[in-house]
Amino acid sequence: MGNEASYPLEMCSHFDADEIKRLGKRFKKLDLDNSGSLSVEEFMSLPELQQNPLVQRVIDIFDTDGNGEVDFKEFIEGVSQFSVKGDKEQKLRFAFRIYDMDKDGYISNGELFQVLKMMVGNNLKDTQLQQIVDKTIINADKDGDGRISFEEFCAVVGGLDIHKKMVVDV
C-alpha cells in the first residue's frame, strides 16, 4: 500500500493517509484468508457487528460491485460514511439504504417489513409488525404514493440526530 494506492482512497473518503494506513492494518487482520477482500464471515468478526441484526444489510451496502465480498476500496468508502468528518446527509443516506433493499430510491411497505423483521425477530407477531409498518408508511408518505422517498425519510428521522450516533473511531 504505497502512496499510489492510498492517494485515490483519500480522494473518495473522509480519511487522511494515516487513517487509511490504520484501516489497512485492520482490514488485513480481518482478511483471514489473505484474499484481498472480506467475506461475510470475516466481516462478522468485527465486534461492533457481531450482535447487529442488520449486518447483512451493512455488507450489502459496502459491497458496491455486488460480488458478495468487500474489497479494501469498498471498505474505506463504507467506513468513511461513519467518519466523524462525514456529513449528516451522507449518514442519513446510508441509513435509508439499509431499508431500500432493491435500490430503487424508495422504501416500500415490504422492504420496511423485512428490515424491521430482522431487528425484532420473533418478538412481535407478523400482524403486529405489519400494523407498525402500515402506520409508519402512512405517517411518513407525504405525497401519497405508498412508499417513502429519501426526502420523506429525512423529514421523519432527520431531527432525531441519529447521524451523531453513526460514528466509528478510526
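Numbers here mean position along the shown chain, with the first residue as 1.
Glycine too: its Cβ is placed from the backbone N, Cα and C atoms.
Database features, via Swiss-Prot:
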- Asp31, Asp33, Ser35, Ser37, Glu42: Ca(2+) 1 binding site (BINDING)
- Asp63, Asp65, Asn67, Glu69, Glu74: Ca(2+) 2 binding site (BINDING)
- Asp100, Asp102, Asp104, Tyr106, Glu111: Ca(2+) 3 binding site (BINDING)
- Asp141, Asp143, Asp145, Arg147, Glu152: Ca(2+) 4 binding site (BINDING)
- 50-85: domain 'EF-hand 2' (DOMAIN)
- 87-122: domain 'EF-hand 3' (DOMAIN)
- Tyr106: phosphotyrosine (MOD_RES)
- Met118: site 'Interaction with PxVP motif in substrates of the catalytic subunit' (SITE)
- Asn122: site 'Interaction with PxVP motif in substrates of the catalytic subunit' (SITE)
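Features as recorded by Swiss-Prot, highlighted on the structure.
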residue: Asp33; record: Ca(2+) 1 binding site; DSSP (3 states): coil
residue: Asn67; record: Ca(2+) 2 binding site; DSSP (3 states): coil
residue: Asp102; record: Ca(2+) 3 binding site; DSSP (3 states): coil
residue: Glu111; record: Ca(2+) 3 binding site; DSSP (3 states): helix
residue: Asn122; record: site 'Interaction with PxVP motif in substrates of the catalytic subunit'; DSSP (3 states): coil
residue: Asp145; record: Ca(2+) 4 binding site; DSSP (3 states): coil
Residue numbers, six or more beyond the limits of the domain 'EF-hand 3' (87-122), whose CB comes under 8 Å of its CB atoms: 53-54, 56-58, 60-61, 81, 129-130, 132-134, 136-137, 145-150, 153-154, 157-158, 162-163, 166
Residues within 8 Å of the Asp100, Asp102, Asp104, Tyr106, Glu111 Cβ centre (excluding the Ca(2+) 3 site residues themselves): Tyr99, Met101, Lys103, Gly105, Ile107, Ser108, Arg147
Average pLDDT across the domain 'EF-hand 3' (87-122), rounded to a whole number: 93
Largest tally of Cβ atoms lying within 10 Å of a Cβ, found at which of the binding-site residues Asp31, Asp65: Asp31
Pairwise CA distance, Asp33 (Ca(2+) 1 binding site) versus Glu69 (Ca(2+) 2 binding site), rounded so that it is a whole Å: 13
Sorted by sequence, non-Asp141, Asp143, Asp145, Arg147, Glu152 residues with Cβ within 8 Å of centre, Ca(2+) 4: Tyr106, Ile137, Ala140, Lys142, Gly144, Gly146, Ile148, Ser149
For the Ca(2+) 1 site built from Asp31, Asp33, Ser35, Ser37, Glu42, further residues of that chain with CB within 8 A of the site's CB center: Leu30, Leu32, Asn34, Gly36, Leu38, Ser39, Glu69
Whole-number Å value for how far Ser37 (Ca(2+) 1 binding site) lies from Asp102 (Ca(2+) 3 binding site) (Cα to Cα): 24
Residues within 8 Å of the Asp63, Asp65, Asn67, Glu69, Glu74 Cβ centre (excluding the Ca(2+) 2 site residues themselves): Ser37, Phe62, Thr64, Gly66, Gly68, Val70, Asp71
Intrachain C-beta neighbours of Asp63 (Ca(2+) 2 binding site), sequence separation six or more, cut-off 8 angstroms: Glu69, Val70, Glu74
Shortest C-alpha distance to Asp104 (Ca(2+) 3 binding site) - which of the recorded positions Asp31, Ser35, Asn122, Asp143, Glu152: Glu152
Proximal but sequence-remote residues of the same chain as Asn67 (Ca(2+) 2 binding site) (Cβ under 8 Å, at least 6 apart): Ser37
Cβ neighbour count within 10 Å of Glu42 (Ca(2+) 1 binding site): 18
